[in-house]
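Encoded as structure tokens, the structure appears first; notes follow it.
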Amino acid sequence: MIFTLGINHHSAPLAIRERVAFGADKLPHALADLTRERPVREVAILSTCNRTEIYCSAESPDVVIDWLAHYHQVGREEIAPYIYTHDQPEAIRHAFRVASGLDSMVIGEPQILGQMKDAVRAAEENGTLGTQLHKLFQRSFSVAKEVRSTTAIGANIVSMAAAGVHLAERIFESIAGQRILFIGAGEMIELCAAHFCAGKPKQVTIANRTLERGRALAEQYGGTAIRLDELGEHLAQHDIVVSCTASPLPIIGLGMVERAIKTRRHRPIFMVDLAVPRDIEEEVGELDDVFLYTVDDLAQVVESGLESRQAAVVEAEDIIANRVKDFLGWLESRDTVPVIRSLRDSAERMRRHEIEHAMKLLAKGEAPEKVLEHLSHRLTNKFLHAPTQTLNSAEGGERADLQGAAARLFHLHAAD
């Protein structure tokens, strides 16, 4: 049975989501820990700014919920009210919707597809991706491609990066003339840098754990790079701060920002924290001269382009409904695999035995035509012995059922 369980921006606030997030470097250990000594056969973990989801093949989701709470050292009762669980067929539909961007904060955004592929790659590399989940995700990627190529779901999207620019322009008349500090150098920061730098800021600085990666991004926009441990020295020089790292703990604290505000003589700082868990301490937003926005704060802005895409959403849901039916058909066909494998193994044993017998006859000088005739008769009798015996011994309704099954299995047609 395929299950999906998780917490996302629909079900839980940021304060809860950040407590159960998984950094990319933690996934190998988490995957191994979940499948160790637990009745979980397959598992993949998708963890982004807006969701932490566990896709698994298991008997029940309860053991996974217990593990999630234990792994993150939180009480089950603290997170249980925010957790949603889906079994078949809803788990399949949910995976297809997530991959297609229908469950995202920004409806139709394409980044989630890459994030899901990363989650699948991590599961595959760590040996927790089996036949069912592999097929589920490959179908999810195929459905996402179909949705994007046949509907307008990706049109008129207001991205998180564009929303950040929109909010900044409420504080400052324009981006031009402002000094911007980007913290991190991942995909989200790259997107934000492209949007903000289109406004021709006065200065661009990239702060990153590895200076080389920071420099590579900074050079694209004529900026400079600094290390994360230099943030305290440089924060006061910037008017706009956009942060998105994978740090498990905040990297900008209240004290650091208070000192920066004092140095700036209370000129405002606009800050966007796109990280989960948060990069900037929540208390920073209470300072008078700081305008701090999180991923949840940007939700209303990114919804602005959704109305024009409602027709595309309906079309996408129809596509997904049909593909869910197809996948359920594949799952049902998997139920017959053990029987088919056993049937073929039995036939193969018979074949090998009769081939050995025939080879011995040929070695004794028997005529090949006679040996082939003998071989074909013996194979026919062996293959049909068990079903014939079962049909002959059946009675009443069982016999009628078996006769019908035999006719279907062997494509038999009754004589006129």
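Each Cβ is built from the backbone N, Cα and C atoms, and glycine gets one as well.
Taken from Swiss-Prot as is:
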| type | residues | note |
| --- | --- | --- |
| ACT_SITE | Cys49 | active site, nucleophile |
| BINDING | Thr48, Cys49, Asn50, Arg51, Ser104, Glu109, Pro110, Gln111, Gln115 | substrate binding site |
| BINDING | Gly184, Ala185, Gly186, Glu187, Met188, Ile189 | NADP(+) binding site |
| SITE | His94 | site 'Important for activity' |
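Here the features listed in Swiss-Prot are placed on the structure.
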{"residue": "Cys49", "record": "active site, nucleophile", "contacts (Cβ under 8 Å, 6+ apart)": "Met188, Cys244, Leu274, Ala275, Val276, Val295"}
{"residue": "Asn50", "record": "substrate binding site", "contacts (Cβ under 8 Å, 6+ apart)": "Asn8, His9, Arg17, Ser104, Met105, Val276, Val295"}
{"residue": "Pro110", "record": "substrate binding site", "contacts (Cβ under 8 Å, 6+ apart)": "Gly101, Arg148, Gly154"}
{"residue": "Gln115", "record": "substrate binding site", "contacts (Cβ under 8 Å, 6+ apart)": "Leu46, Thr48"}
{"residue": "Gly184", "record": "NADP(+) binding site", "contacts (Cβ under 8 Å, 6+ apart)": "Ala207, Asn208, Ser243, Cys244, Thr245, Ala246, Ala275, Asp279"}
{"residue": "Ala185", "record": "NADP(+) binding site", "contacts (Cβ under 8 Å, 6+ apart)": "Ile206, Asn208, Thr210, Arg213, Gly214, Ala216, Leu217"}
{"residue": "Gly186", "record": "NADP(+) binding site", "contacts (Cβ under 8 Å, 6+ apart)": "Cys244, Thr245, Ala246"}
{"residue": "Glu187", "record": "NADP(+) binding site", "contacts (Cβ under 8 Å, 6+ apart)": "Gln111, Gly114"}
{"residue": "Ile189", "record": "NADP(+) binding site", "contacts (Cβ under 8 Å, 6+ apart)": "Phe182, Ile183, Ile206, Leu217, Val242, Cys244"}
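For His94 (site 'Important for activity'), the same-chain residues that are 6 or more apart in sequence and have a Cβ closer than 8 Å to its Cβ are Thr4, His86, Asp103. Taking the centre of the Cβ atoms of Gly184, Ala185, Gly186, Glu187, Met188, Ile189 as the NADP(+) site, the nearby residues of that chain (Cβ within 8 Å, site residues left out) are Phe182, Glu190, Leu191, Cys192, Cys244, Thr245. Met188 (NADP(+) binding site) counts 23 other C-beta atoms within 10 Å of its own C-beta, drawing on all protein chains shown.
Same-chain residues that are not part of Thr48, Cys49, Asn50, Arg51, Ser104, Glu109, Pro110, Gln111, Gln115 yet have a Cβ within 8 Å of the Cβ center of the substrate site turn out to be Gly101, Met105, Val106, Ile112. Taking every pair among Thr48, Cys49, Asn50, Arg51, Ser104, Glu109, Pro110, Gln111, Gln115, the residues listed as contacting substrate, the largest Cα to Cα separation comes to 15 Å. Taking all protein chains in view, 24 other C-beta atoms sit within 10 angstroms of the C-beta of Thr48 (substrate binding site).
In the three-state DSSP reading, His94 (site 'Important for activity') counts as helix.
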